[in-house]
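Engineer: Just dropping this structure here.
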Amino acid sequence: MRSSLTMVGTLWAFLSLVTAVASSTSYFLPYWLFGSQLGKPVSFSTFRRCNYPVRGEGHNLIMVEECGRYASFNAIPSLAWQMCTVVTGAGCALLLLVALAAVLGCCMEELISRMMGRCMGAAQFVGGLLISSGCALYPLGWNSPEIMQTCGNVSNQFQLGTCRLGWAYYCAGGGAAAAMLICTWLSCFAGRNPKPVMLVESIMRNTNSYALELDRCLKP
């Protein structure tokens with residue numbers, strides 16, 4: 001079974017899969033921001049949180065040590081984080097679709113032409129740009145009351161206070177940068193065929209061959 005990708009294209013498919021998985025996994029993990037509240041470690045992503053306070057007996061605050069997403073989209077602490085959730089999610093979905101098509105191109109002949117590879121590279125650039133935009137929006141939500149309670153009540157936009165950025169934030173941003181810079185460039189040399197019209201010609205040739213065989217079978 002021949003591949004529709006060149007050697008460079010195979011490398012492109014592998015890196016596309018790695019960057020898509022890295023960015024998407026980081027998007028779902030609540031380890032973008034680390035802080036502490038009531039003596040317990042707390043971590044956030046854009047729409048998930050680990051460890052949160054609830055009212056116990058006697059109206060005292062106690063920490064529930066578990067991870068989960070916010071009950072609704074409107075419950076996300078700030079508008080910036082809501083925008084970040086949508087933008088980053090769209091970018092991850094786009095990278096995953098391109099990565100899936102690139103992997104299929106490794107085992108399907110004439111699936112990805114030179115022009116198709118460049119179009120997919122453009123889609124990767126857009127996906128990486130969306131994720132990067134989400135990472136840029138994320139610090140705008142550090143002035144929300146929920147984040148300030150976790151960061152020593154001294155955090156503000158682009159000021160972490162006592163909190164620190166987590167590894168998932170850097171992983172998402174690194175995956176987006178690799179998709180925009182490396183994968184987009186490699187996609188220009190990924191396709192084996194120089195023109196997409198060759199795929200159409202191949203389909204027509206196979207269709208004509210099938211028609212001839214069918215005509216022979218129907219003749220007495």
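Placed from the backbone N, Cα and C atoms, the Cβ positions cover glycine too.
Annotations per TrEMBL:
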- 1-20: signal peptide (SIGNAL)
- 79-107: transmembrane segment (TRANSMEM)
- 119-140: transmembrane segment (TRANSMEM)
- 167-189: transmembrane segment (TRANSMEM)
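Give me the structural setting of these features: burial, nearby parts and distances.
Structural biologist: Cβ atoms under 8 Å from those of the signal peptide (1-20) belong to residues 92, 95-96, 98-99, 102-103, 105-113, 117, 124, 128, 175-176, 178-179, 182-183, 186-187, 189-193 of the same chain, restricted to positions at least 6 beyond its ends.
Outside the transmembrane segment (167-189), and at least 6 residues removed from its termini, the chain residues within Cβ reach (under 8 Å) are 6, 8-9, 11-12, 15-16, 18-20, 22-23, 25-27, 29-33, 45, 88, 91, 95, 117-118, 120-122, 124-125, 127-129, 131-132, 134-135, 138.
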Engineer: Would you mind listing the long-range same-chain contacts of the transmembrane segment (119-140), meaning Cβ under 8 Å and 6+ residues beyond its ends?
Structural biologist: 16, 19, 23, 27, 32, 46, 78, 80-81, 83-85, 87-88, 90-95, 97-98, 101-102, 112, 157-158, 169, 172-173, 175-180, 183-188, 190
